[in-house]
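Here TrEMBL flags 21-40, 52-74, 81-99, 105-126, 138-159, 214-235, 298-318, 340-358, 370-389, 395-417, 429-451, 457-480 as transmembrane segment.
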Amino acid sequence: MWWDERVSARFRRNLQPTLTYWSVFFSFGLCIAFLGPTLLDLRCQTQSSLSQITWVFFSQQFCLLLGSCLGGVFKRTLAQSLLALFASSLAISLVFAIIPLCHNVVLLAVVMAVAGLAMGCIDTISNMQLVKIYQKDSAIFLQALHFFVGFGALLSPLIADPFLSDTNCILANGTANASSNLPHIRKSLVPHHPGNLSHYDLPMKGMVVTRVSYAFWIMALINLPVPIAVFFLLYKERMVPCFNGSSHPLLSADELALETRPGDKDELSTAGPRPQPAAGHEDLFSCCQSKNFRGVSFTYFAVHITGALVLFMTDGIVGEYSGFVYSYAVEEPLAVVHKVAGYLPSLFWGFITLGRLISIPVSYRMKPATMVFINVVGVLITFLLLLIFSSSVVFLFVGTASLGLFLSSTFPSMLAYTEDILQYKGCATTVLVTGAGIGEMVLQLLVGSIIHDRGSYSFLVCGMIFGCLAFTFYALLVFFHRMYPKPCPGKGAPAPSPALGWEQGQHQP
């Protein structure tokens, strides 16, 4: 392997849980990207208007954010974590199977809210579990984790595409004009911003002829092995309620710290039971309790806040760019034809996925802080060049690919960097996941409103401003990193902290 034997050995010991968390994140990606392409067919299925169906977007995004905040509730024990992942991944398969049966827009919004809650739990729990298992070596495994969400997000639109309607899927009189513009309407739909699509006459009554149900049933079958994999991990750890015999002891964080000192292992094995560590890495509300703040310096808060703000901006850029690059391209001065402009969001997500794949080996050789620096500077330079060459269609495609590459590894690198600073104490994962989710939802809504009022050129101006803010917050994070108290010398490897929550039955690290 291209990494050293120590990391390779840890990966082999944790092969099943690591692959399971990666597969669960594939479910997350599969679920996050299907709604945009299929929304018009779901509008036909529910016989709703464009403005009504966009509420389905909001219900998913809002509950995803809520699930991210609450995901840490299930982190206190390994059994709770795995049961939550099993329920969440199974819920996603059930959601895919149930969506074709939803013929009312309110019912569809409720089902997508359940999917959002499941996705939020998956996001928080999977990131936290990999950080718990690999600690200082987590960067490479986090990069792989986020490759799988990109792979799932790339796959679900491809599955849906053959089943999307080429003409209006509600047959009624006088719909020829709307039918000829369906690809344009489909690409322009983003949360709560149908834009200037209201003049298209899309009927709400008539015969529904959509075949999109087959796409959802195929995705339900593709996702079904994921909850099965989580169940097998639960069974292996003897945490299935019907088979909950005494679990075989696995290595704890103490044993990990002494892994290179065989003589100490014997002493550890004869020691009495360790006291139960205090809970850490909990949900956002538990993290905000005053008891967690006793005796900490202001830099503790500053690292959490600045790290979350960096991801607020960068994940917000991902949301607003993927949502509005098509609308920007088809407007003046570029006036790209609809079919060609439709490739831009796919190009963007394709290079995000490619960048995450490239980042897996790169993250082993490069520090997370360096990768984040390259990412935010690359985003800033790309937006600057997009503004300079705003009349060039060719550079729009080049810039879209470049932006996808630079944004691809920002989240896992920032997560690894912030957890390293805090020495795996505090609530970095929960705060960062929540900050990223808020940014993706809020900035998309904000940019949509600005474009509607100021025109399409403001799309790039907003991106440039967000890029500058991301760089500023990163510089502040580096400053607070230098001020953050260093661990006491002579203590060797990090001891199990309240944030780790290691206990008997945890995966061996």
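Positions of Cβ are set from backbone N, Cα and C atoms, glycine also.
Comparison of 214-235, 395-417, 429-451, 457-480 by number of C-beta pairs under 8 angstroms to the transmembrane segment (105-126) places 429-451 first. Beyond the transmembrane segment (214-235), the same-chain residues lying 6 or more positions past its ends with a Cβ under 8 Å from any Cβ of the stretch are 16-17, 19-20, 23-24, 26-27, 30-31, 34, 38, 79, 82-83, 85-86, 89-90, 92-94, 96-97, 99-100, 155-156, 159-160, 162-164, 243. When Cβ-Cβ distances under 8 Å to the transmembrane segment (370-389) are tallied for each of 81-99, 138-159, 298-318, the top count falls to 298-318. With pairs at least 6 apart in sequence, the transmembrane segment (340-358) and the transmembrane segment (429-451) have fewer than 3 Cβ pairs within the 8 Å limit; the two do not touch.
Listed as Cβ neighbours of the transmembrane segment (457-480) (distance under 8 Å, sequence separation of 6 or more from its ends, same chain) are residues 299, 302-303, 306-307, 309-310, 313-314, 316-317, 320-321, 324-325, 327-328, 369, 372-373, 376-377, 379-380, 382-384, 386-387, 390, 417-418, 443, 446-447, 450-451. Between the transmembrane segment (298-318) and the transmembrane segment (21-40) there are fewer than 3 Cβ pairs closer than 8 Å, counting only residues 6 or more apart in sequence, so the two stretches are not in contact. Using a Cβ-Cβ cut-off under 8 Å and counting only residues 6 or more beyond its ends in the same chain, the transmembrane segment (138-159) has close neighbours at 3, 7, 11, 18, 21-23, 25-34, 36-37, 126-127, 130-131, 215, 218-219, 222, 346, 349-350, 352-353, 356-357, 359-364, 368, 408-409, 411-413, 415-416, 419.
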